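Asker: Encoded as structure tokens, here's the structure I'll be asking about.
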Amino acid sequence: MDSASASGAQRQDEGLRERMRPSPPVDIDAVDQALATAGYGVTTDNRTSDDKKTFGRTPDGTIFTVPQTHDMVSQLLSPTEPKNVSDLLVLAILAVHILIFWALSPQSRIPVFAAIYMFWRTSYNGGIGWLLHNQSHHNTMVRWATKSKIFVNPSTGKNPRPILYRLLKKDMETMIPKDYSFDEAPLEYNTWLVFRRFVDVILMCDFTSYCLFAIACGSRPENETTLMTALRWAAGWVLVIFNLWVKLDAHRVVKDFAWYWGDFFFLIDQELTFDGVFEMAPHPMYSVGYAGYYGISLMAASYKVLFISIIAHAAQFAFLVLVENPHIDRVYNPPPPRKRSVQHDLKDLNGFNAQTSPISDSFAATPAPNGIDDKASMQQPPSSVHNLLGLHNLDLHRVTDSSVILIQLLVFALTVLTPSTPFYQYLFVANAAIWRCWYSIGIGYILHRQSKYKSWTRHFVKYGENTDEAWRQWKGSYHLSMTMCYASFVAATWKMYSMPSDWNHGLALLKHTLGFSLAALQIWTSVSIYDSLGEFGWFFGDFFFDAQSKLTYSGIYRFLNNPERVLGLAGLWGAALITSKGAIIFLALISHILTLAFIQLVERPHMQKLYGRSLRKDAGLVKNLKRSLPPPLQQLGGSVDRIMDESFEFVEELLDSARPKLATGVNTFMKDAKSLFRQYPARITISRLDDEVAAGYNLEDYSLEIEGTESSPSAQVERSSGKEGANARAPPERRGDLKSLIFEYGAPIRVKWTAPLNHSKKDWVGLYMVTDNTRREVTRISSQGRWIATNEGAYDSLTCEKGLVTSDIVISASRRRDGENRDLASGEMVFSGDKLFWTQGVFEFRYHHNGKHNVMAISRPFEIRIGRFDEEDVVDMDNTTANSDGLIQAAIEEALLPVVRNCFDRNPEIAPETYDEHFGSLVDRDGKYAKRVVFAVHQMFGVELAPEVVRADGNVRNMAWRICNAKKVLAPYSMSRSRGTTTPTTQEKELS
């Protein structure tokens, strides 16, 4: 695989808490004065001009000085640090753990402390994860602090808990004696300080209970020699010391702010940084930072400790994937600004050529000028729409995918149905060796010839094809070769494998554990490589296209130059370890040798020819290891550098082996869980109405009125399809002035409500399908997030306030239409985006009382309908000239633009204003936007597109061209009236 990502679009790094570099000295008074002049709120505290200060910024723009704090261990255990009540409480809890361990019998310690440790680990990854997730999305903890008023000075008379206030103030000011005032610090900072004390309790108890569990399980294996015991303990202590160094170096880089997830509460005016251990491994605090767990497991010589360590490590990666990474992407990796227009060739504007798509122009980073040569445009890589890799890209209509599936089924059948005799074992091993030779030598020869002579491309050009066809055929050939190479190896391994008769004998269990870990490591490495290179780099696209790509080192390539050199083959050695058979060891060895030869003889020469001096010599891991060596050793080069590179890459990545399986498993689990939740939504059953609803409120005071964007006239006309009886074909007679409400798909809907003046501040309005609720007085189905609170601050969530416009505007009795003499409260809210149903149907709004599901008012039912696009309204069906096609495409553009804007929530950052304007990059990140557009296009035009097509087209004009072309291609198979010279339909006869 390429040694770096050859892509013009560089994604920011995966994101961690490793990001803070100390700020340069600043003039504090000048900064405060400038901020105050600009209108920011600036908190003041006592400080000297000689100090180097770090500034924090709250979400409301308040700038404050972040005082220096100490790490958890120093704060608790150092005798030089002042102790407060919370410190003593943490130490007391730790002492209770030790007393419990001492009081229990040796037989009882293992199950008891296993349960205690799992409780604290669940509190860490589940409890802290839940708090941080809600703080990130809804500002929950800060809202709790605001509602409870625990940080409000009791002298104001607004704090209901003055004792707690004084306790917190004394505790925090004792912990931070310098540059900190409890009363003057921002609410977010004080909330973070309380949160970190809560974290201290969990982290210390988590580690203490783990160590006590390891002590309880510790033993010396039977028949173990003294030398083996010494080696086992020495290796264990090396891992523990390495773990300690990783944690200390990580804390040196990120400080307490990121260590305790401070950016979930406020931000520091500093830049992201990758220094020290963060240049050596991805997510070091969660990957190599858990090496000590395996060192302790090694010293304890206990499988119980090993497996509980793996579970804990996996839970930590789940915390990273589900909580930290989404927050980092949202805060530090915002979508880049989008292009506002696309330049088009004048030839494409003057005439529409059915054989040429404008989409190829939009792929280039810079639009081609007018008159660009077609040959030059062919040098650009094709837009990747229908990818090959991944189960979600599996398409049995594609010959490559169907061939791969059929061949895999054949290999599976032969493997299972044939006996494991020496003859068949030899046959399967030989087959695996042949496929490995083809995959490395045969594919390598093709790429070498392509690099020097463009031989693969020339072959297809000779027969009248273009570079795109050559590229597609190459991807299919390479994909088939790769899958057969690994499928044959798995089949050979299966034939050579024999189940252990006694799992407790020897190292059988350890071999299987390490073997599957190595296989998981290879899977994660492959996924990381694909994420960094993309489809273009994975299939060696720079051998086929001379695109002016910028060499970037992102993802796994930040730390390693050639991750596939060792880590990409870890699974082969894992299989060799599990089977312990010479034939599999031979296959793993020959695979490794051929892969190294492929990199050295094929990839490296091409990369040097293509990128020259821009190639990096040392990766982040090697660079940091060299820094730690004495100067004489740093001068060594050549083979010594290569040996060090390979050796340390293997050791470093082996410690990270628990992550890949979890990352894949968690994503699959979350997708399955979300699918189940959508299919079986949570239901709330209420047996009777709330007493206060029946006693204290008049339902006539509650009302809901809705306003929305009316759907197109075609949606109204389609309600009469001509299939009705004679009486039903005429327009319906209305006895009132209210007409049916039919709104646009995805358009915001404004809801106006009224309620009594003393209505509950926790009232809320939800959106439902009419058919989902059978009772009018009680709602029996979850709103699934489609609800808005009537008042701000009533709930511990910001999401439920999104769309709230006004609240509790008093309507005098004189303005009431029903003649009642009571004043009313009123408000407005707008449902848009994720608070809407993205489908067609009939819906209603329901006003609910006091955070419950008692219904006080129901709106008029309304319909969401997408009108179908009718070509006959644009041009005569018999006109087949190019001018007709141009008119139809223009009409499609006009009809499609407002729909696309609605699908993109009318967000100015992503929604286009014109036909040529690029979609925002958030469309590529979040697949929901493309899926909305695909559904609308299918309903409007009868053309089914894949979401990837929307992202690849990039603007409305390209989509309109694709839809117009698809309709022409599908016209012979359409069930609608023909445009050809066939017998006229009844309607055509009448018109003539």
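Even glycines carry a Cβ here, placed using N, Cα and C.
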Asker: Please state whether Swiss-Prot assigns Trp471 and Lys852 to the same topological domain (same side of the membrane).
Answerer: no
Asker: Go through the chain and flag residues at least 6 beyond the ends of the topological domain 'Lumenal' (448-477) whose CB is under 8 A from any CB in it; none is fine as an answer.
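Answerer: Same-chain contacts beyond the ends: 378-379, 382, 388, 399-400, 535, 539, 541, 543-545, 601-602, 605-606, 609.
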Asker: Using a Cβ-Cβ cut-off of under 8 Å, list the residues of the same chain that are 6+ residues beyond the ends of the transmembrane segment (198-218) and lie near it.
Answerer: 72, 75-76, 86, 89-90, 93-94, 97-98, 101, 106, 109-110, 113-114, 116-117, 120-121, 123-124, 127-128, 260, 293, 296-297, 299-302, 304-305, 308, 312
Asker: Mind checking how the topological domain 'Lumenal' (133-197) divides into helix, strand and coil residues in DSSP?
Answerer: 43 helix, 0 strand, 22 coil
Asker: Please identify the stretch among 85-105, 280-300, 404-424, 427-447, 478-497 with the greatest number of Cβ pairs below 8 Å relative to the transmembrane segment (226-246).
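Answerer: It is 280-300, which has the most Cβ pairs under 8 Å.
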Asker: Where DSSP helix means H, G or I and strand means E or B, what are the helix, strand and coil counts for the topological domain 'Lumenal' (448-477)?
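Answerer: When I sort the residues of the topological domain 'Lumenal' (448-477) into the three classes, I find 25 helix, 0 strand, 5 coil.
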